[in-house]
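Trainee: Got a structure for you, written out below as structure tokens; questions coming shortly.
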Amino acid sequence: MGTIRFSSRDLSAAPPTSNPSSSIPTKTTSSSITETVNGSHEFKIGGYSLSKGMGVGKYIASDTFYIGGYAWAIYFYPDGKSPEDNSTNVSLFIALASEGTDVRALFELSLMDQSGKERHKVHSHFGRALESGPYTLKYRGSMWGYKRFYRRNLLETSDYLKDDTLLVRCRVGVVKSHTEGPKTYTISVPTSNIGQHFGKLLDSGKGTDVNFEVDGETFASHKIVLAARSPVFRAQLFGPMKDQNTQCIKVEDMEAPVFK
């Protein structure tokens, strides 16, 4: 039987020596991301023949629709937008319908082929983005489009006009930019209950591998737990000068209730 003599303060664990500040990263990164928020709107224009003659600069407007946080509207001019065209062309535009300054976007206006052949009349800014960049709308009411979108006499004999109705599709890609930095996650750590778990383990007697005799009373315990919590037990049980007989260790100068 081995013998050990110590006071109750020897059971205290040594304070941690790690430095929390050593885990703080010294290098950080961030990224700027520019992309488009895309959406589309279809505008059906019925009674086309009745809209002819309404006057140059007069338009038929779609309902407002929202893409990328802004309101938009399509404007169709049956007699053209400019007097110099002498009503030989129809005009088609997309306009910013909400408050905004320097709104950058890509646009596409299409006159849809209604014969099923899908030979649509398309004017797109998307394919030219690398050449000229997005178009900038300065304020509410700013427009992008074409005064001479299509010759009116060709339109009226084409497959774009069916049952006196035109179908216009508009696609908008609003340019948005944002910066992303390192993501920080916060985890709520619950109060540690490992002491309760060790207490239940001790009370159950499962896995005990060492006995202590204290003031005539025997206590069964776990070597590894004692070594983790007490430098005295660590030396006694696992140190180079450890007692050869660790099956039952006699503890002197301590009362049994204190040891427990």
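Every residue gets a Cβ built from N, Cα and C, even glycine.
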Trainee: Which one of these stretches, 1-35, 106-140, shows up in TrEMBL as region 'Disordered'?
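Mentor: So the range that TrEMBL calls region 'Disordered' is 1-35.
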Trainee: Quick check on the domain 'MATH' (38-172): DSSP residue counts for helix, strand, coil, in that order please.
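Mentor: Residue counts for the domain 'MATH' (38-172) by secondary structure: 18 helix, 64 strand, 53 coil.
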